[in-house]
Amino acid sequence: GRMKPVIVVHGGAGRIFKEREEGSRAGVVRAALRGYGILKQGGSALDAVEEAVRSMEDDPHFNAGCGSVLNEKGEVEMDAIIMDGKNLDSGAVSAVKCIANPIKLARLVMEKTKHMLLTDHGAHLFAQAMGIPETPGEKLITERSRERWKKNLEPDSNPEEFQKDLGTVGAVAIDSEGNVACATSTGGLSNKLIGRVGDTACVGSGGYADNCSGATSTTGHGESIMKVVLARLILYHMEQGMSPEMAADTALDYMKTRVGGLGGVIVVNNSGEWAARFSTKQMSWATVKDDQLHYGIHAGERFTKPVDEALASESGRF
(Lines of atoms letter the chains of each structure in order from A and count residues from 1; the text may use other names and numbers.)
(Lines give C-alpha, C1' and ligand atoms only; values in the text may rest on other atoms or scores of the structure.)
Protein backbone atom coordinates (compact mmCIF):
# COMPACT_ATOMS: atom_id res chain seq x y z
CA GLY A 1 0.00 0.00 0.00
CA ARG A 2 0.98 3.62 -0.31
CA MET A 3 2.64 5.30 2.64
CA LYS A 4 1.70 8.70 3.96
CA PRO A 5 4.82 10.77 3.38
CA VAL A 6 6.59 12.34 6.36
CA ILE A 7 9.50 14.77 6.56
CA VAL A 8 11.41 15.87 9.67
CA VAL A 9 14.16 18.51 9.68
CA HIS A 10 16.55 19.96 12.27
CA GLY A 11 18.57 23.16 12.27
CA GLY A 12 21.10 22.04 14.85
CA ALA A 13 21.23 21.23 18.54
CA GLY A 14 22.89 23.48 21.08
CA ARG A 15 22.19 26.87 22.52
CA ILE A 16 20.01 29.03 20.31
CA PHE A 17 20.37 32.64 21.38
CA LYS A 18 17.14 34.61 21.91
CA GLU A 19 17.75 36.97 18.99
CA ARG A 20 18.21 34.02 16.63
CA GLU A 21 15.18 31.96 17.66
CA GLU A 22 12.77 33.56 15.22
CA GLY A 23 15.10 33.01 12.26
CA SER A 24 15.91 29.43 13.23
CA ARG A 25 12.25 28.59 13.61
CA ALA A 26 11.29 30.18 10.29
CA GLY A 27 14.20 28.40 8.59
CA VAL A 28 13.29 24.87 9.72
CA VAL A 29 9.61 25.43 8.96
CA ARG A 30 10.44 26.64 5.44
CA ALA A 31 12.73 23.64 4.87
CA ALA A 32 10.10 21.16 6.09
CA LEU A 33 7.40 22.71 3.90
CA ARG A 34 9.66 22.62 0.84
CA GLY A 35 10.58 18.99 1.41
CA TYR A 36 6.95 18.07 2.03
CA GLY A 37 5.94 19.82 -1.20
CA ILE A 38 8.10 17.35 -3.10
CA LEU A 39 6.70 14.34 -1.21
CA LYS A 40 3.10 15.46 -1.74
CA GLN A 41 3.65 15.45 -5.50
CA GLY A 42 4.84 11.85 -5.30
CA GLY A 43 8.54 12.84 -5.23
CA SER A 44 11.22 10.70 -3.62
CA ALA A 45 12.44 10.89 -0.02
CA LEU A 46 15.90 11.50 -1.48
CA ASP A 47 14.78 14.60 -3.41
CA ALA A 48 12.84 15.85 -0.38
CA VAL A 49 15.73 15.65 2.10
CA GLU A 50 18.16 17.20 -0.40
CA GLU A 51 15.79 20.11 -1.02
CA ALA A 52 15.12 20.66 2.69
CA VAL A 53 18.83 20.73 3.49
CA ARG A 54 19.63 22.96 0.51
CA SER A 55 17.06 25.42 1.80
CA MET A 56 18.88 25.59 5.16
CA GLU A 57 22.34 25.76 3.56
CA ASP A 58 21.15 28.92 1.79
CA ASP A 59 19.87 30.39 5.07
CA PRO A 60 22.59 32.31 6.99
CA HIS A 61 20.95 31.42 10.33
CA PHE A 62 22.44 27.94 10.16
CA ASN A 63 25.97 26.58 10.39
CA ALA A 64 25.90 25.03 6.89
CA GLY A 65 26.54 26.50 3.45
CA CYS A 66 26.24 30.27 3.75
CA GLY A 67 26.66 31.09 7.46
CA SER A 68 29.10 28.28 8.20
CA VAL A 69 31.56 28.84 11.04
CA LEU A 70 35.25 29.42 10.26
CA ASN A 71 38.24 27.16 10.88
CA GLU A 72 41.43 28.28 12.66
CA LYS A 73 42.62 30.06 9.49
CA GLY A 74 39.35 31.93 9.05
CA GLU A 75 38.05 29.82 6.18
CA VAL A 76 34.83 27.89 5.64
CA GLU A 77 35.26 24.09 5.36
CA MET A 78 32.03 22.12 5.06
CA ASP A 79 30.91 18.48 5.38
CA ALA A 80 27.72 16.86 4.04
CA ILE A 81 26.15 13.42 3.59
CA ILE A 82 23.09 11.94 1.90
CA MET A 83 21.86 8.35 2.06
CA ASP A 84 19.26 6.28 0.23
CA GLY A 85 17.49 3.70 2.40
CA LYS A 86 16.49 1.60 -0.58
CA ASN A 87 19.92 0.19 -1.39
CA LEU A 88 22.13 1.80 1.30
CA ASP A 89 23.80 4.01 -1.32
CA SER A 90 25.43 7.06 0.21
CA GLY A 91 27.49 10.04 -0.90
CA ALA A 92 29.45 12.48 1.21
CA VAL A 93 31.94 15.32 0.97
CA SER A 94 34.27 16.70 3.63
CA ALA A 95 36.37 19.85 4.05
CA VAL A 96 34.88 21.42 0.91
CA LYS A 97 35.31 25.12 0.25
CA CYS A 98 33.76 27.63 -2.14
CA ILE A 99 30.57 25.67 -2.83
CA ALA A 100 27.14 27.04 -1.98
CA ASN A 101 25.45 23.65 -1.53
CA PRO A 102 27.63 20.78 -0.30
CA ILE A 103 24.54 18.54 -0.10
CA LYS A 104 24.16 18.73 -3.90
CA LEU A 105 27.77 17.65 -4.28
CA ALA A 106 27.24 14.76 -1.85
CA ARG A 107 24.30 13.58 -3.96
CA LEU A 108 26.48 13.69 -7.09
CA VAL A 109 29.20 11.67 -5.33
CA MET A 110 26.52 9.06 -4.60
CA GLU A 111 25.08 9.00 -8.11
CA LYS A 112 28.04 9.72 -10.40
CA THR A 113 30.94 7.90 -8.74
CA LYS A 114 31.66 4.46 -7.33
CA HIS A 115 32.83 6.12 -4.11
CA MET A 116 31.06 7.27 -0.97
CA LEU A 117 33.23 10.12 0.30
CA LEU A 118 35.35 12.73 -1.48
CA THR A 119 37.42 15.21 0.46
CA ASP A 120 38.97 18.66 0.09
CA HIS A 121 40.91 19.05 -3.18
CA GLY A 122 39.45 15.90 -4.74
CA ALA A 123 35.93 17.04 -3.95
CA HIS A 124 36.82 20.40 -5.51
CA LEU A 125 38.03 18.76 -8.74
CA PHE A 126 34.90 16.59 -8.84
CA ALA A 127 32.67 19.66 -8.39
CA GLN A 128 34.44 21.33 -11.32
CA ALA A 129 34.01 18.21 -13.47
CA MET A 130 30.29 18.20 -12.61
CA GLY A 131 29.99 21.86 -13.63
CA ILE A 132 29.10 23.12 -10.15
CA PRO A 133 29.76 26.87 -10.06
CA GLU A 134 32.37 28.10 -7.62
CA THR A 135 31.17 30.49 -4.92
CA PRO A 136 33.86 32.87 -3.64
CA GLY A 137 34.69 31.93 -0.04
CA GLU A 138 33.76 35.44 1.14
CA LYS A 139 30.20 34.92 -0.07
CA LEU A 140 29.70 32.10 2.46
CA ILE A 141 31.09 34.08 5.40
CA THR A 142 28.67 36.07 7.53
CA GLU A 143 29.59 38.92 9.84
CA ARG A 144 28.57 36.73 12.77
CA SER A 145 30.90 33.88 11.83
CA ARG A 146 33.82 36.27 11.42
CA GLU A 147 33.10 37.92 14.80
CA ARG A 148 32.98 34.56 16.53
CA TRP A 149 36.23 33.46 14.86
CA LYS A 150 38.01 36.64 16.04
CA LYS A 151 36.66 36.19 19.58
CA ASN A 152 37.91 32.62 19.66
CA LEU A 153 41.41 33.75 18.64
CA GLU A 154 41.79 35.86 21.79
CA PRO A 155 44.26 34.24 24.23
CA ASP A 156 41.74 33.92 27.07
CA SER A 157 38.88 32.70 24.88
CA ASN A 158 37.30 29.28 25.22
CA PRO A 159 36.08 28.06 21.82
CA GLU A 160 34.42 25.16 23.62
CA GLU A 161 31.94 27.61 25.13
CA PHE A 162 30.92 28.74 21.68
CA GLN A 163 30.64 25.22 20.30
CA LYS A 164 27.38 24.91 22.14
CA ASP A 165 25.62 26.89 19.41
CA LEU A 166 26.33 24.36 16.70
CA GLY A 167 23.71 24.47 14.00
CA THR A 168 24.34 21.45 11.78
CA VAL A 169 21.28 20.99 9.53
CA GLY A 170 19.57 17.77 8.53
CA ALA A 171 16.46 16.09 7.18
CA VAL A 172 14.90 12.62 7.13
CA ALA A 173 11.88 11.50 5.12
CA ILE A 174 9.72 8.59 4.05
CA ASP A 175 7.95 8.87 0.69
CA SER A 176 4.73 7.39 -0.66
CA GLU A 177 6.65 4.32 -1.89
CA GLY A 178 7.92 3.65 1.62
CA ASN A 179 11.53 4.60 0.81
CA VAL A 180 13.48 6.49 3.47
CA ALA A 181 16.42 8.89 3.13
CA CYS A 182 18.55 11.20 5.24
CA ALA A 183 20.70 14.25 4.56
CA THR A 184 22.99 16.25 6.87
CA SER A 185 25.20 19.29 6.22
CA THR A 186 27.48 21.45 8.40
CA GLY A 187 30.25 24.01 8.64
CA GLY A 188 31.65 22.06 11.58
CA LEU A 189 33.24 23.48 14.74
CA SER A 190 34.30 27.10 15.06
CA ASN A 191 38.10 27.55 14.97
CA LYS A 192 38.60 23.83 14.26
CA LEU A 193 41.96 22.60 12.96
CA ILE A 194 42.33 22.75 9.19
CA GLY A 195 41.16 19.47 7.69
CA ARG A 196 39.08 18.47 10.72
CA VAL A 197 36.22 16.23 9.68
CA GLY A 198 33.41 15.64 12.17
CA ASP A 199 30.54 13.19 12.31
CA THR A 200 28.48 14.72 9.51
CA ALA A 201 30.41 13.21 6.58
CA CYS A 202 30.72 9.80 8.26
CA VAL A 203 28.10 7.22 7.34
CA GLY A 204 26.41 5.88 10.49
CA SER A 205 27.41 8.90 12.57
CA GLY A 206 26.05 12.00 10.82
CA GLY A 207 23.18 10.04 9.32
CA TYR A 208 21.93 6.64 8.28
CA ALA A 209 18.97 5.41 6.22
CA ASP A 210 17.72 1.86 5.74
CA ASN A 211 14.25 0.97 4.45
CA CYS A 212 14.26 -2.02 6.83
CA SER A 213 14.16 0.25 9.87
CA GLY A 214 14.13 3.98 9.12
CA ALA A 215 16.32 7.05 8.80
CA THR A 216 18.04 9.46 11.16
CA SER A 217 20.13 12.64 11.01
CA THR A 218 22.23 13.85 13.94
CA THR A 219 23.62 17.11 15.32
CA GLY A 220 25.78 17.99 18.30
CA HIS A 221 29.35 17.34 19.39
CA GLY A 222 30.82 15.58 16.36
CA GLU A 223 33.58 13.67 18.08
CA SER A 224 31.15 12.27 20.67
CA ILE A 225 28.68 11.30 17.93
CA MET A 226 31.47 9.44 16.09
CA LYS A 227 32.52 7.55 19.21
CA VAL A 228 29.09 5.96 19.59
CA VAL A 229 28.16 5.92 15.85
CA LEU A 230 24.96 7.64 16.91
CA ALA A 231 22.79 7.43 13.78
CA ARG A 232 23.33 3.70 13.36
CA LEU A 233 22.88 3.15 17.10
CA ILE A 234 19.39 4.68 16.94
CA LEU A 235 18.38 2.42 14.05
CA TYR A 236 19.77 -0.56 15.94
CA HIS A 237 17.47 0.26 18.85
CA MET A 238 14.51 0.51 16.47
CA GLU A 239 15.44 -2.87 14.98
CA GLN A 240 15.17 -4.21 18.56
CA GLY A 241 11.57 -2.95 18.64
CA MET A 242 11.88 0.54 20.16
CA SER A 243 9.78 3.47 18.98
CA PRO A 244 11.66 6.34 17.29
CA GLU A 245 11.35 8.46 20.42
CA MET A 246 12.55 5.71 22.76
CA ALA A 247 15.42 4.77 20.42
CA ALA A 248 16.53 8.40 20.15
CA ASP A 249 16.40 8.99 23.92
CA THR A 250 18.21 5.74 24.69
CA ALA A 251 21.04 6.50 22.24
CA LEU A 252 21.40 10.14 23.35
CA ASP A 253 21.45 9.02 26.96
CA TYR A 254 24.17 6.48 26.21
CA MET A 255 26.27 9.13 24.45
CA LYS A 256 25.92 11.40 27.48
CA THR A 257 26.79 8.82 30.12
CA ARG A 258 29.48 7.00 28.14
CA VAL A 259 31.42 9.90 26.57
CA GLY A 260 29.83 13.04 28.07
CA GLY A 261 28.56 14.20 24.68
CA LEU A 262 25.41 16.22 23.98
CA GLY A 263 23.44 16.33 20.77
CA GLY A 264 20.14 15.98 18.99
CA VAL A 265 18.53 13.70 16.43
CA ILE A 266 15.58 13.46 14.09
CA VAL A 267 14.16 10.06 13.23
CA VAL A 268 11.52 8.52 11.02
CA ASN A 269 10.80 4.77 11.06
CA ASN A 270 9.62 2.63 8.16
CA SER A 271 6.00 2.97 9.24
CA GLY A 272 6.13 6.76 9.28
CA GLU A 273 6.41 7.40 13.03
CA TRP A 274 8.82 10.27 13.77
CA ALA A 275 10.76 11.86 16.61
CA ALA A 276 12.86 14.97 17.25
CA ARG A 277 14.87 14.59 20.48
CA PHE A 278 17.85 16.38 22.04
CA SER A 279 20.02 16.39 25.18
CA THR A 280 21.23 19.97 24.58
CA LYS A 281 19.35 23.06 25.78
CA GLN A 282 17.69 23.55 22.41
CA MET A 283 17.28 22.18 18.90
CA SER A 284 15.26 23.81 16.15
CA TRP A 285 13.13 21.19 14.37
CA ALA A 286 10.03 20.90 12.21
CA THR A 287 8.03 18.04 10.74
CA VAL A 288 5.09 17.58 8.40
CA LYS A 289 2.80 14.55 8.54
CA ASP A 290 -0.87 14.18 7.56
CA ASP A 291 -0.85 17.78 6.30
CA GLN A 292 -0.05 19.02 9.83
CA LEU A 293 3.09 21.03 10.52
CA HIS A 294 4.73 20.59 13.95
CA TYR A 295 7.76 22.57 15.11
CA GLY A 296 9.70 23.63 18.19
CA ILE A 297 13.01 24.72 19.70
CA HIS A 298 12.82 24.21 23.48
CA ALA A 299 12.42 20.92 25.33
CA GLY A 300 8.78 19.87 25.50
CA GLU A 301 7.68 22.60 23.10
CA ARG A 302 5.48 21.70 20.14
CA PHE A 303 3.49 24.08 17.97
CA THR A 304 1.07 22.67 15.43
CA LYS A 305 -0.72 24.22 12.47
CA PRO A 306 -2.30 22.98 9.25
CA VAL A 307 0.09 22.97 6.26
CA ASP A 308 -2.23 25.17 4.16
CA GLU A 309 -2.17 27.86 6.82
CA ALA A 310 1.63 27.58 7.17
CA LEU A 311 2.12 27.80 3.41
CA ALA A 312 -0.09 30.88 3.20
CA SER A 313 1.99 32.72 5.80
CA GLU A 314 5.24 31.39 4.24
CA SER A 315 4.55 32.71 0.76
CA GLY A 316 4.34 36.19 2.23
CA ARG A 317 7.85 35.70 3.57
CA PHE A 318 9.73 34.61 0.46
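Each position is counted from 1, following the chain as shown.
Cβ from N, Cα, C; glycine included.
Taken verbatim from TrEMBL:
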| type | residues | note |
| --- | --- | --- |
| ACT_SITE | Thr168 | active site, nucleophile |
| BINDING | Arg196, Val197, Gly198, Asp199, Thr219, Gly220, His221, Gly222 | substrate binding site |
Taking Val197, Gly198, Asp199 as the binding-site residues to compare, which has the smallest set of other Cβ atoms within 10 Å?
Val197
Per residue, counting other C-beta atoms within 10 angstroms of the C-beta, which of the binding-site residues Arg196, His221 reaches the highest number?
His221
Using all protein chains in view, find how many other C-beta atoms are within 10 Å of the C-beta of Thr219 (substrate binding site).
32
Using a 10 Å cut-off on Cβ-Cβ distances across all protein chains shown, tell me which of the recorded positions (Thr168, Gly220, Gly222) has the largest neighbour count.
Thr168
Maximal Cα-Cα distance (Å) across residues annotated as binding substrate, namely Arg196, Val197, Gly198, Asp199, Thr219, Gly220, His221, Gly222:
16
